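Here's the structure we're looking at; comments come further down.
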Amino acid sequence: MIRSAVVLTVLVGVCLAQRGFVGGWSQVDPKIRPDLLELAHFAVASQTAGLEYYHTVLELTKASQQVVAGVNYKLTLKVAPSKCKVSETVYSKELCQPQLNAAPKDCEAQLYVVPWRNTKEVTSFECN
């Protein structure tokens, strides 16, 4: 009986560790979640301070999420300057292609999304 309880406790612990704890951060595979790439482009488009050209997303390398009253996302991405001038156009992932020989940067974006209110907000964006 005690042995069964111990085995059950260990199995529950393993399952919780794999799924992440409620309110905790859990890894998400960005390759199977195209909505995360859309969020990455949204985050990049909002970062215009001091830029002549928008940056554009080259690759979304890592993602995690935290379920709260909505969802927090941490996205790790590679960006590079695009061909689109901030002063002349609105950002478009289709039109704002990377400049030739542009040096990529590693960035982390954090976003807060409330799907039932149709709202999303960039809460943090930093590049190395």
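Placed from the backbone N, Cα and C atoms, the Cβ positions cover glycine too.
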### Query
Mind checking which of Cys84, Cys107 has the disulfide with Cys96 in Swiss-Prot?
Cys84
### Task
Please report how many Å separate the Cα atom of Cys107 (disulfide bond) from that of Cys84 (disulfide bond), as a whole number.
19
### Task
Could you check the disulfide-bonded residues Cys84, Cys96, Cys107, Cys127 and say which one's CB has the fewest neighbouring CB atoms inside 10 Å?
Cys127
### Query
How many Å separate the Cα atoms of Cys96 (disulfide bond) and Cys127 (disulfide bond)?
19
